[in-house]
Each structure stands twice: as C-alpha cells, then as structure tokens.
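**Q** Sharing a structure here in structure tokens format.
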Amino acid sequence: MTAAPLGGFLVPLNGNSKEEKCSIPKIVLSHDTTYIGRDISPVADKRLSRRHIAVTISADGSADILVEGSNPVVIQSKGQRNKLLTGAKWKIRTGDVIELIPGHYLFKYVAADDTTEGRTPTTTREKRPSGEESSKGKQLAQSRKRVHRVLDEEALAENAVLQRNDQEPYTLIEGIRNFRISMNKLPLAFRLMQVKQLPEWANTNAVSINDVIQGNVLMAVLSNYMVDIDWLLSECPMLKRVHHVLVIHGEGDGTLAHMKRKKPPNWILHKPPLPISYGTHHSKAMLLVYPRGVRVIVHTANLIYVDWNNKTQGLWMQDFPWKDQNSTSKGCGFENDLVEYLSTLKWPEFNANLPTAGSFSINPSFFRKFDYSSAAVRLIASVPGYHSGPHLSKWGHLKLRTVLQECTFENQFEKSNLIYQFSSLGSLDEKWMTELAFSMSAGVKEDKKPLGLGKPLIIWPSVEDVRCSLEGYAAGNAIPSPLKNVEKQFLKKYWARWKSSHAGRCRAMPHIKTFMRYSGQNIAWLLLTSSNLSKAAWGALQKNNSQLMIRSYELGVLFLPSPRKYEYSFSCTDDGRLPKDELTSPGSLEMKPTKLVSLVWKGEENEECDEVIRLPVPYELPPRPYSSGDTPWSWDRRYTEKDVYGQVWPRQVELYTSQAL
C-alpha cells in the first residue's frame, strides 16, 4: 500500500505553558483525512470520543477541523479561543492550538512545510561552524535531515496502513498501553525492559533490573554471557550484602581478571566447560533464593549498561515457594528440565547458611527444594555436546520439536507463518533452515493432523534502522553478524523489517530473541530465548539424524496456550497476597483455556470468554518484507553516511564501565 503524502503533525503541548510535551509522540497527519480520538490519541482517556475530530489538510498547508464526536473542541488562534460543538468546522494554520475537551489535551498544528517548528530533536545540538559551513557540517546536516525524513515517513506509513475504511480508525500506535496485565497472570507473559530515552507510555509495564533483583535475597545465581561487574554493583548495591552469589559467565581472560579483582570476596565466578570449539556460555537467567521461595528469571540482556537501558529486551519471571518438607513429589517437567540443565554447568559445589532457611550444599539438586507445580512456561535449553540416543531430544531445536509435538493448536495455525527474530546470524545453509523449520512447525490441529510446514521470516534491522537508532551505529555492535553470513543469496527471501511503532521501540535496536508461530494477531506459541539463529545455538543433526551437535549453552521459556488451573498469587517479595478483586476462591479454580495474542489483537465478542493473554511482541504482525532499497545490517562493513551523532562506522564502542575509566 502506498502511503499518503505527509501533511503535518499535531504536537502535544504542556498545559498553559504551550511548550512541547516530549514525553508523548506527535500525531502524524496525511493529506487524506486523519481521525483523531481515543484510539489514535497519544493520551489514554475514555472521556475522549472514538472519533473526536477529523483533520483534512489542504494544499496551502492549512487544515480543516470537523468535530465528529459528542465532546467539544476549542481552537486557539491569533489570541482568540473558539469553542466548536458536534458538527462544527474550522480552518487552522501552523501554530494554532487544538484543545480536546474534556481533559484539556493541547496539540499544536504544524504543517509539513514548517516541521522545524515543534519537532522533537533526535540528536544533541552542535555549534554551527562560523563563516561558510564546512563540508563536514553539510554532511552532518544532510544526514540529520534524512534521519528526520526516515522517521516521519515511517510514522506516516504506519498511520496510512492502519487508517482503515471501516467504522473505526485502527492504530498500532501505543499498543503497549494495552499491556495492562493483572498480577495473577504475569507469569503467563513476558515483559519488555525499560528503555531510558523513550516516553513514559512506551515503558508501560516494562521492567528495570531493580524491579527484578529486590527484597531479602539470601543467595543468587546470575547466569550470563557478558558481565560488567562495576556496573552491576553500582546498579544493584544490595548484591554486595548477599552472602552467597554465584556468577556463571562466558567472559574471556581479560575481563575475567578484572572481575576477580572487583568482585566481593564471597562471590564465586564460574565459566562452564565448552567441549566443542567456538561455543559460548550464552544463557541469560537468574535464580534468587528468598526466605519464602525462589525467583526464576529468564531474559535476553547481558549484564551491561547498554543492554538494560538502550535496547529492546524481554524478561520473564515467576516466584515459587519452598516445598513442604514432607512432600514426596518427584517433580514436574519444569523442575526436571531446570535441574537437569543446571547439572550440565558443573559449578563448584559450596555450602551456604541461609538465614531462616537453614544450611545447604548449593548444587543443582538444591533447586529441587522448591515447588514448581504452578510453572506457567516450559524451559527450552541448549547444552554443548554430541547428543544421541535418549539424550537426542533433550536440548536445542529437537527439545522444542518434542514439546510442540505434544500440543494441539487451533485450526487457524495450519501452515501458518513462523518468525525468527534475534540479534546474531550464524553461517547457515538451506538444508539446516529446513531442519529448523521442521522443528518449529511441529504440533497438531484439533483433528490431530499435523499443522504442516510454516514459512519463516527473519526480522532483522536494516542499515538505516541502525543508523537512525537511539545509539546510532553503536547499536550495530550488538548485532554482530558479518557480511559473509548476511549476504547469502538464499536468505533474501526471508528478510523482514524491524518495525515497533506500537511498542515505541522502532529506534531501540532489538537484542531480544523471539521465535514464534502466528496467524493474524493470534499466536500459536512464542519462545523468548537467548538463542540466536545459528547451528551453535540450536544444534545441527548429524549421522543420518541420529546425533545432534550443539556448541553453546542457551536458555529460553516457551509460552503455550495450555489450559491453566492456577492463580499465580505467590510472591517472594511481599506477603504473597493479591488485592481482593484479583483473588479467586479455591473452589472456583478450573481448567481455563488460554489464548495467546499480540498487543493490538481485537477479539470478537465470543472470544472474550477465553483467558486472553497478551504477549508484548515488540514487532508488528505481519512483518513487512524488505523492499528493494533495504539493506540488512552487517557489522563488518564500512558505512560513511553519518549517523544521528555524526559518526561513521566502524568505530570503537565502550561496553564496560572499566573501559570508560
């Protein structure tokens, strides 16, 4: 669909000060009619009409306002206030202010030809060279102008696609506002991590590291690839008071030496064995032991500043109580998978005296002391080695295949599409891509027939996405795929754009990794994982499919539409009780079918009876395939066009606090 030409903007203002309100985005206007109301306004207020006003821009840059809703509008023009009631029309020009009532929401109209007025800067300001503008200054100015054009056209395209010719305007903008999930359903979904440079609405229900590592932690296991110990201790100083902390990492000798010098004396550092060359310890997880139980966290961020503040990331967590000492339970699938995975890490066993809990030997079996029967997800892990016989389906993509084969999905997912979204691309071939797709396509329909093979799309940032991102080219350092992997001819049919208007993260480059199967805005299943798209992470079949070779450690959580019978009210960090309006009496607990959907899913009335779980998928569905002008990012190419900070690529990027000292 061809986007309508850019007409202008409605720029949010701060009350009577008439200053731009940078915390919420501008509304993009096309030369066609744009409907402004509750569903497309950057403010969430049910008092606004669904179609409050219609804005139609003329060729001379003026705009005609038609009040369509039942609520009035005030136009402030040339020092005068004019109140318009339903059906009234008015012509406005650049600088005029529209006030939506009730709520007193102010927006300044800016025509496309005057967009320097009211534009939110995307870069820091620099002094203009004295005298004739230098060649470097011209290049930077042209670069910034192009960045603005890219962002404006991108926003306009979103609106053009979503302004449908039906009764209601429909928008992806601020879809993240729909992620208002009750406490007793949180374990059924994941959350996005906060991004510091985004407006407040884009961080709805997003989490920071201090939302996760909190409370009276008795013992902690921190699993990751990269660990900036200086940043971690400054961001979470309470960790210094935790008597027993085990850091399982994938760092090299140089960083490890610094970690040993800076760590608290009671911390233990451990790098798991890597029996096959070119493997890494890449799993990102935390196990926090409390007097009340254990908190299990699986996420996608390295323990470094930029990952927890500048990137699109995902995180899942759930709290589990200690088991009854008299329990004879042999453990559920989640427990067995967790303990078996931890056993492969081979950390040095140590003793810990945990106040209020007792003295324990901290080994993988220690984690059987918690009751995981209410686990809302399945664990999908990868472990390095040559796996065969009874171990063939325990890890990697064959573990995912085995779990999906046991699941029944709605008929709408027959031959539905797959999405692979990640931040590093391995050296792939078509044979392996078919192998992976076969595992990702497992499962049966309601008539017990196979779902059928799905067509994958790869969501991957383009060069322009990286150049115009919040970090500029520096963001590409965390998308570390070489040209020789990216440029393979057979991959061209898979490329799809990174688009995240509904989550406000178009410019927050993705380090999150998700794999999923979907139909429309309905989701069959979704995997949040540390695994990138590589044989090292997922494994490759060998010896006539009798052996799976995996190089790296990975960990992910699989969300399925499985019937549930639990109210997830237990918490390690409060009294474990939910507000009265969220409590369910034990007698009313029953197997409830769940339905996984995206943030912008709009259900039919007969579907609302299901337990609908919105997953904050940060990219749009369906993804847009690359156009002829899009180039997939590769980090070992030279890019001479300036980014938003006036930088070219390659250049050095500081990832650790100690590098900046």
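Every residue, even glycine, has its Cβ placed from backbone N, Cα and C.
Per TrEMBL, the features are:
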{"type": "REGION", "residues": "116-144", "note": "region 'Disordered'"}
{"type": "COMPBIAS", "residues": "124-136", "note": "compositional bias 'Basic and acidic residues'"}
{"type": "ACT_SITE", "residues": "HIS282", "note": "active site, nucleophile"}
{"type": "BINDING", "residues": "LYS284, LYS513", "note": "substrate binding site"}
{"type": "ACT_SITE", "residues": "HIS511", "note": "active site, proton donor/acceptor"}
{"type": "SITE", "residues": "SER534", "note": "site 'Interaction with DNA'"}
**Q** Going along the chain, which residues six or more apart from SER534 (site 'Interaction with DNA') have their CB under 8 A from its CB?
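**A** Long-range Cβ contacts: SER424, LEU425, GLY426, SER427, LEU428.
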**Q** Write out the long-range same-chain contacts of LYS284 (substrate binding site), meaning residues 6 or more apart in sequence whose Cβ is under 8 Å from its Cβ.
**A** SER223, ASN224, TYR225, VAL298, HIS299, THR300, ALA301, ASN302, SER530, LEU555
**Q** Tell me the Cα distance separating HIS282 (active site, nucleophile) from HIS511 (active site, proton donor/acceptor), rounded to the nearest angstrom.
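**A** Cα of HIS511 (active site, proton donor/acceptor) to Cα of HIS282 (active site, nucleophile) measures 13 Å after rounding.
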**Q** Round to a whole number and give the Cα-to-Cα distance in Å for the pair HIS282 (active site, nucleophile) and LYS513 (substrate binding site).
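**A** Counting only the Cα atoms, the answer is 12 Å.
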**Q** Around HIS511 (active site, proton donor/acceptor), how many other C-beta atoms are within 10 angstroms of its C-beta?
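**A** Taking every protein chain into account, the count is 22.
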**Q** Within 10 angstroms of the C-beta of LYS513 (substrate binding site), what count of other C-beta atoms is obtained when all protein chains are considered?
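**A** Excluding its own Cβ, the number within 10 Å is 24.
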**Q** Count the other Cβ atoms sitting within 10 Å of the Cβ of HIS282 (active site, nucleophile), across every protein chain shown.
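**A** Neighbour count, Cβ to Cβ under the 10 Å cut-off: 25.
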